[in-house]
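Working notes, structure below.
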């Protein structure tokens, strides 16, 4: 055992434990430890009530704190269920890993520990924690490390049940990516050792960057990878390769000893001074020769053993509590000598531990699939003079977004060379002064507020230097040209200072007197003047390439091809409250309204005078149906026109119904025409532009009511000067020219300027942004935008080649889509709009003729109906007269028969009463006082027997005979009785004696 204390023996044991843990534990332990009975298993309802938590700690202070935390845990109901108690079992970490293995078996596993918390001194190496992990993992007992950060513990094939509350060293690659994104560095050189941790951090960086840069605009690429063997003696050979690379940003993972060698040799090559950026891991920060300006990372709570002990205990308690509520926990193994023990509950407990996510003393505690701590916080350290470490930022957990966030105060960073300005991070042979000008969408300019100290990530500072004032006004610029400048600076490796045009002009040349002499000289203004007079190195702006400018400056190949076009405002169309009436002309609307009421009136008249306007079903007891009144006719006409349901008041006559069908057809055509024309007003295009293009006669011969203009001193202004055929037009528009394109566009929108002639790119952008604007005609004066440089500039070819590559790679097309077509809120409007013609009487005359034909047809039909009805009435009258005559004749015949029968019965009756006289000799007289009607017909004195027939017909059956005797017995037939008409009850006639012409007998 003594030999294992030497460094060589320790390395040997470490390799044995690393590659053959099963051999060491499986062969050594059974030979040295007595066999112990296998662990007993509990049923599903027998979860243990006591849980022993083991601790392999590095000092007595940690042991005491571990015991205290376990004691306090038992009173925390949030983590400990009822009737559950935790106990601590601790041992001291031994530097000898073999002794550590025996101690774990004898003092921890023997006491049935359910998990082990392990810590060790940072200077003692990771052999002893590895031994604890091997031994516990063999029996599936979870191990929680609070200080081990080597990458080897992430290998679950070896450390099957190990997790830790500290992140491994190679997780610092995640922080590197955040820092590179913050500083916008695009090329880096990675320096790492060839051990497990060094290669792990390289792999982590490469793997994470593939997904990380999907969410950010700035992508960092690894230009060079430098790998070295640990225990360096010299790093000079690698520095030579690094010096020839373009990147000046170095990401280094090295131990403290190796970092000292690297910093020493880099200082000799002047690679730790101005313009270089060093970002290192924690170990390198502790080198005694770390250069000023180096940025490094330091894990928060890295040396807080108490905080990690507490977090590990509470993570374990949280996992056990959830496991108790979900499943049965078998007792922990107790025998290190039984290699057949398979504690499934330990494997399940390890899974529960990995799923924990709690807020502890060391921050947000959570684990990845390898059991490594995630959401660990880091301090960003800046090395100052005399090796002072200054915190300039933090990488911490954002609980609102549930992810990590980088926050760095750039103003507090001292960069290598004691510079306050952030290095560009690449090799820059020349620093250029670049000028630009505000021109949407190529350059947007925003003035910085008083409380702003830097521009937005997509902006670049572009101060405006006034010739009359030494101070600069701070502005921020972004846009098409700014992105082009950024990409150019990356591609051909130059840095720049960006500024705005001093006078806000592109520039044109003027003839000026030379010091009061008679000679004149040409002098350029604006951007051109700055470049010609060598006060600027480059112009990156929508600068049109033309012969006048090309004579004095160099142009690159065009980065944007365009031409000249005309911008005008579309004819406005007012919208009123009666806009819905626009599909029809006023005349047509009036005719439709009149037609509705005329048709209603005609329907009423047809139904009123039609003989069939009212009818009644045969054999029906219901009253006859009412005819269509005027109100119902109007309702019917409007209902048909507006396609509403007609529930009542419909025409009854055939003539009116024919008109109703014709009216329905008219309404269908009117409504369909109105609907179609209304849709045309809503969705079809407006009228075309007023101008057809530059060759429009109204432009060539400008009228007073048509004003056009451009920007004075611009390339368009020069184009009109060169074109002889446009000289007349130019003389007219010269007085109207504007100082800037922005002013002219605003006047076009207000209607003060009819036509603005300018570059097509800008005008198409404005037209696509505002539907009230439109470009007229085809392009003319085709040219392009180029990057301007000084005459003979060595950068011309490099810029030209870079722009050609941008065209081939699609970068320029990307800028077009981003800034010209999609750089603003697009309006869904077309280039032109057409207004449909308003429908008039001429268009709809056929419909009204159809209505007239319907009305005439209805009138004709009613005339035919009236004539036919008259003929029918005459025929019916003749039939009624004949029927009446026949009925009267029949009645007379029946009356006579009745009288004769009555007389015969009376005679028979009288014979029965007065047998002295025969029936034929007896005469009857009726008292007219009792029967006044008979008296009137017989005269003032007597009523004759024949005139009593009416009275006899009215007599009841019992009056014609004896009581109870039917009329048949008395000689009266049922037919005779049936022809009697109803009369009032009258008394039977009283016959009194009277005289006749024959006085031979007495009349009673």
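Using the three backbone atoms N, Cα and C, a Cβ is placed for every residue, glycine included.
The following features are taken from Swiss-Prot:
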BINDING   542, 543, 544, 549, 715, 759  glycine binding site
COMPBIAS  994-1004  compositional bias 'Polar residues'
CARBOHYD  270  N-linked glycosylation site
CARBOHYD  326  N-linked glycosylation site
CARBOHYD  357  N-linked glycosylation site
CARBOHYD  409  N-linked glycosylation site
CARBOHYD  466  N-linked glycosylation site
CARBOHYD  493  N-linked glycosylation site
CARBOHYD  513  N-linked glycosylation site
CARBOHYD  705  N-linked glycosylation site
REGION    980-1004  region 'Disordered'
SIGNAL    1-39  signal peptide
TOPO_DOM  40-585  topological domain 'Extracellular'
TOPO_DOM  607-663  topological domain 'Cytoplasmic'
TOPO_DOM  685-843  topological domain 'Extracellular'
TOPO_DOM  865-1004  topological domain 'Cytoplasmic'
TRANSMEM  586-606  transmembrane segment
TRANSMEM  664-684  transmembrane segment
TRANSMEM  844-864  transmembrane segment
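For the recorded site, residue 326 (N-linked glycosylation site), the DSSP three-state label reads helix. Mean pLDDT for the topological domain 'Cytoplasmic' (607-663) in the predicted structure: 71. Looking only at other Cβ atoms within 10 Å, the busiest spot among the recorded positions 270, 326, 409, 544 turns out to be 544. Secondary structure at residue 357 (N-linked glycosylation site), taken from DSSP and collapsed to helix, strand or coil, is strand. The glycine site is defined by 542, 543, 544, 549, 715, 759, and by the 8 Å test on Cβ atoms against their centroid, the other residues of the chain that qualify are 506, 545, 546, 714, 783, 785. Among 542, 543, 544, 549, 715, 759, the residues given in the record as binding glycine, the maximal Cα to Cα distance rounds to 16 Å. Of all the recorded positions given, namely 357, 493, 715, the one with the smallest number of surrounding CB atoms inside 10 A is 357. Taking the Cβ of residue 759 (glycine binding site) as reference, residues of its chain lying under 8 Å away and at least six apart in sequence are, in sequence order, 542, 544, 562, 563, 564, 565, 715, 716. Nearest Cα neighbour of residue 357 (N-linked glycosylation site) among the listed recorded positions (326, 409, 493, 543, 549): 326. Long-range neighbours of residue 549 (glycine binding site) (same chain, six or more residues apart, CB within less than 8 Å of its CB): 528, 543, 555, 715, 788. When the glycosylation sites 270, 409, 493 are compared by Cα distance to residue 326 (N-linked glycosylation site), the shortest distance belongs to 409. Neighbour count (other Cβ atoms within 10 Å of the Cβ, all protein chains): 25 for residue 542 (glycine binding site).
Within 10 Å of the C-beta of residue 543 (glycine binding site) there are 27 other C-beta atoms, taking all protein chains into account. Between residue 493 (N-linked glycosylation site) and residue 270 (N-linked glycosylation site), the C-alpha separation comes to 20 Å.
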